[in-house]
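J.: Residues or ranges marked as ATP binding site in TrEMBL: ALA18, CYS19, GLY20, LYS21, SER22, SER23, LYS128. Annotation comment: TrEMBL describes SER22 as Mg(2+) binding site. Taken from TrEMBL, the feature substrate binding site applies to ASP40, ARG64, GLY85, ARG140. Taken from TrEMBL, the feature compositional bias 'Basic residues' applies to 189-199. Residues or ranges marked as region 'Disordered' in TrEMBL: 175-253.
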Amino acid sequence: MADAAVRGGCITLIGMPACGKSSVGVVLAKKTGRQFIDGDLLIQGQTGKLLKELIQELGDEGFRALEEEINAGIQAERAVIAPGGSIVYGERAMRRFHELGQVVYLKLSYPAIRRRLGDLTARGVSIKPGQTLRQLYDERVQLYEKYADIVVDETGMNTRQVVEAIARAVGEALPEKKAETSTGSTGLRGRKTGKRKAAAGRAESGGRTRSGRQQPQSSTGKGKRHGKRVVEAGQSSLSGSGGDGELRRQRRK
Ligand SMILES: Nc1ncnc2c1ncn2[C@@H]1O[C@H](COP(=O)(O)OP(=O)(O)O)[C@@H](O)[C@H]1O
Ligand SMILES: O=C(O)C1=C[C@@H](OP(=O)(O)O)[C@@H](O)[C@H](O)C1
Ligand SMILES: [Mg+2]
């Protein structure tokens, strides 16, 4: 983990629109002492237009090109970055995020995204004419998985729990809250990837120090995905009792 973590100390959140990148991101930034950069606000600031107006004016392709250019130019150190959900179409921008630090995919099921999104045009989602949200979801999930160093499944978690899950995943666990129960305290949920699951109940007895900082998670070297090594997070430091927490780390070579 150290290589990615020290690059620039940034944490970039990727995922479908409405998965919580912006709202989680700002809290994560505050809790981990980082700056917060919202990619959508950068675009709006530089163009003086709303995202939905830009999508209507420039179309799907034009918007994505502009989004890529602006995000690829981000200069930051120790920031949480929340780009728009369509940023994964921009290879240059994704390369930039990997230079700056770690990329975390906030994974949420299609029904949950559907529920949160509401009217796509009013919200300004970048989608091809005739493409359904389901098709967009399936297309995007592959890209989010491809670019993620870490995947956090946020099913059933509130914002605070997601923030804690990300902090743990990047090795900066936040101080424990009292009276946290069951799966909520793990901040990490099961993924049906066929990969090894981090079993519940091992974390609190595991590698975390009193300060909340996690011990570096060991690489198992298991599995390959998209040509990269898939590294499961060290089971010892992941979850609390009763949870089904799991985190998957994909280390770039
Ligand atoms: N963990 C969560 N549980 C329930 N609602 C959430 C959660 N995280 C975010 N939301 C809500 O989802 C909506 C979209 O969040 P937002 O941060 O704008 O997502 P994004 O930046 O990924 O598009 C907001 O109304 C936000 O309050
Ligand atoms: O995924 C998308 O197509 C988009 C997501 C939006 O950002 P959020 O992911 O922050 O909602 C914004 O960039 C734009 O409206 C397009
Ligand atoms: Mg956002």
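Glycine is treated like the rest: Cβ placed from N, Cα and C.
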J.: Tell me, which binding-site residues from ALA18, SER23, LYS128 are within 10 Å of GLY85 (substrate binding site) if we use the C-alpha atoms?
T.: ALA18
J.: Of all the binding-site residues given, ALA18, CYS19, which residue's CB has the most CB neighbours within 10 A?
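T.: The most densely surrounded of these binding-site residues is CYS19.
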J.: At 10 angstroms around each C-beta, which of the binding-site residues SER22, SER23 has the fewest other C-beta atoms nearby?
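T.: Candidates: the binding-site residues SER22, SER23. Fewest Cβ atoms within 10 Å: SER23.
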J.: Taking ALA18, CYS19, GLY20, LYS21, SER22, SER23, LYS128 as the record's ATP-binding set, what's the max Cα pairwise distance in Å, rounded to a whole number?
T.: 26
J.: Given ALA18, ASP40, LYS128 as the binding-site residues, which ones have a Cβ positioned under 6 Å from some atom of ligand 1?
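T.: Checked binding-site residues vs ligand 1; flagged ALA18.
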J.: For each of GLY20, GLY85, count the other CB atoms within 10 A of its CB; which of these binding-site residues has the top count?
T.: GLY85
